[in-house]
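Peer 1: Please find one structure pasted underneath; my questions will follow.
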Amino acid sequence: MATTETEPSTAARDAAGAPERTRRRFRLPTPPLWLIGLVEAAQILLITMLLVGIPMLAMSLAGGVSAFDLDSVLSLAAQVWLVLHGTPVELVVTLEAGALGGALDVPGGGWFHLVPLGLTLIPLWLGWRAGGRIARGSYSDQLWQGLLPLVLTYAAGAAGIAWVAQAEAFQVMPWLAALCAAVLMSLAALAGCYAEARSAARMIGTDLEARIDELSQRLRWAGSYAWAVARAGLVGFVAACGLASLLLAAQLGMQWMEIANVYEQLNPGIIGVLGLTVLHLGLAPNLILWALAYSTGSGFALGTGTVVSPLGTELGAVPAVPVLAALPDQAHPYALLVLALPVLAGVVAGWWLMREGENHLDDWFTLRISWRPLAAGLSTLSLGVFTGLVTALLAVGPLWLSHISLGVGRMTDVGPNALLSAGMLGAWVALGAILGYSVSLGAQRLRRRTTG
């Protein structure tokens with residue numbers, strides 16, 4: 001920042017009693033919000049393209065300078081970039097039977113959809129940071145002036161990358177790539193804006209609390225109850241994912257020797273080992289969601305006509321991916337114990353709701369039903385059902401994103417059935433929430449009687 005020094009006036013020198021020099025700072029004008037949005041979008045595009053392009057370039061140069069093909073590197077990097085943003089593409093291949101092993105023995109093509117959720121967190125985090133910066137530099141009624149250029153520029157960049165990614169066997173619609181990138185950036189930027197603003201009222205320029213105060217007392221109670229149930233459903237979903245991650249870690253720990261053997265059999269070299277490791281890290285959230293589906297009893301598929309669940313396992317030929325060596329080859333006698341995990345997550349949600357939430361529905365039942373046990377039972381049952389429903393709604397999106405279609409042969413169905421898994425998760429969480437809330441309520445009343 002540039003500074004200049006000017007000579008003070010005579011009156012100022014006389015008032016101060018001694019000659020002093022005044023510093024005057026010159027600052028650049030604040031850029032308009034639309035320019036901030038453009039710069040943030042260009043920055044995110046550049047960072048994500050470099051994160052994808054540099055490893056692709058290194059892998060290509062590892063094969064020798066003579067085999068280097070710049071067009072192929074750019075096309076492959078663009079294809080990987082689109083995959084990270086969840087863009088479905090059409091894979092057109094013609095293979096002889098058995099060319100890629102038993103798991104991919106049907107020639108042809110189809111829709112390729114693979115979202116490595118662990119790697120998708122990178123553009124999500126960058127978009128979250130950009131949204132926070134835009135929120136810091138804008139008033140509530142000006143937020144759209146920065147968000148709209150951010151999303152549109154990023155979508156336009158995705159359409160351009162889709163044009164670069166076009167290949168004979170890899171076909172993508174630019175408008176679809178732009179749509180997926182726009183949705184991803186919108187969600188990330190809005191989350192960043194909310195984190196910076198600390199309230200939705202500041203984001204939209206409306207005093208929501210004042211609007212709520214204008215409602216009737218019954219509507220306010222209903223809103224408070226709905227908000228408590230929504231948070232309890234989120235607690236149940238987070239707890240279920242945490243328990244599923246522990247289940248996955250335990251299975252990987254018990255089968256680590258089989259995983260190491262697959263690495264050794266593949267013998268991919270240093271570059272290949274790094275690539276497989278990055279792929280596994282990127283797919284870690286997907287695997288956690290598969291473990292979540294497994295714990296509900298619905299299980300997941302590893303190809304058309306296969307199923308991996310605690311009720312039974314039917315596997316065909318499995319691709320030579322190290323982490324897949326940890327899959328159970330048959331249903332074990334104690335496998336049904338994993339069904340207790342989502343129930344335990346529901347218990348946590350019910351316990352949390354008893355301590356933090358407000359069960360106004362219980363008051364409503366109490367005013368209309370004189371027999372207290374029946375009123376308490378109906379309110380607790382309703383509470384559990386609503387909590388399970390919220391958990392199911394929160395889970396269906398991530399479970400759907402974790403599903404994989406490689407577009408070739410049987411491997412067009414890899415992962416859980418999102419609707420079935422989310423529905424079963426909601427049912428187990430509802431049961432656990434009823435148990436957790438009932439036990440917490442009983443313990444609270446027992447403490448009151450003891451202390452009273």
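Glycine too: its Cβ is placed from the backbone N, Cα and C atoms.
Grabbed the feature section from TrEMBL, which reads as follows:
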- 1-21: region 'Disordered' (REGION)
- 33-58: transmembrane segment (TRANSMEM)
- 110-131: transmembrane segment (TRANSMEM)
- 143-166: transmembrane segment (TRANSMEM)
- 172-195: transmembrane segment (TRANSMEM)
- 225-250: transmembrane segment (TRANSMEM)
- 270-293: transmembrane segment (TRANSMEM)
- 300-327: transmembrane segment (TRANSMEM)
- 333-353: transmembrane segment (TRANSMEM)
- 374-400: transmembrane segment (TRANSMEM)
- 420-439: transmembrane segment (TRANSMEM)
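Looking at the shown structure, what environment does each listed feature sit in?
Peer 2: A Cβ distance under 8 Å defines the sequence-distant neighbours of the transmembrane segment (110-131), meaning residues of its chain 6+ beyond its ends; these are 37, 40-41, 43-44, 47-48, 51, 83-86, 88-91, 147, 150, 154, 170, 184-185, 187-193, 195-196, 278-279, 281-286, 289, 398, 401-408, 412.
Long-range Cβ contacts of the transmembrane segment (143-166) within its own chain (Cβ-Cβ under 8 Å, at least 6 residues beyond either end) map to 32-38, 40-42, 44-45, 49, 74-75, 78-79, 81-82, 85, 87, 89, 127, 130-131, 134-135, 137, 172-182, 185-186, 189-190, 193, 203-204.
Remote same-chain partners of the transmembrane segment (225-250), defined as residues 6 or more beyond its termini with a Cβ less than 8 Å from a stretch Cβ, comprise 287-292, 294-295, 338, 341-342, 344-346, 348-350, 352-353, 356-361, 383, 386-391, 393-395, 425, 429, 432-433.
Beyond the ends of the transmembrane segment (300-327), by six or more residues, the same chain brings 101-105, 251-252, 254-255, 258-263, 265-266, 276, 280, 283, 287, 290, 293-294, 335-336, 338-339, 409-417, 421 to within a C-beta distance below 8 angstroms of the stretch.
Counting only same-chain residues 6+ beyond the ends of the transmembrane segment (374-400), those with a CB under 8 A from a CB of the stretch are 117, 229-230, 232-234, 236-237, 240, 285, 289, 292-293, 346, 349-350, 353, 359, 361-362, 364-366, 368, 415-416, 418-419, 421-423, 425-434, 437-438, 441.
Cβ atoms under 8 Å from those of the transmembrane segment (420-439) belong to residues 232-233, 236-237, 240, 292-293, 296-298, 300, 339, 342-351, 353-354, 380-381, 383-385, 387-389, 391-393, 395-396, 399 of the same chain, restricted to positions at least 6 beyond its ends.
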Peer 1: Below 8 angstroms Cβ to Cβ, which residues of this chain, lying six or more residues outside the transmembrane segment (172-195), approach it?
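Peer 2: Contacts of the transmembrane segment (172-195) (Cβ under 8 Å, skipping residues fewer than 6 from its ends): 41, 44, 82, 85-90, 120, 123-135, 143, 147, 150-152, 154-163, 165-166, 203.
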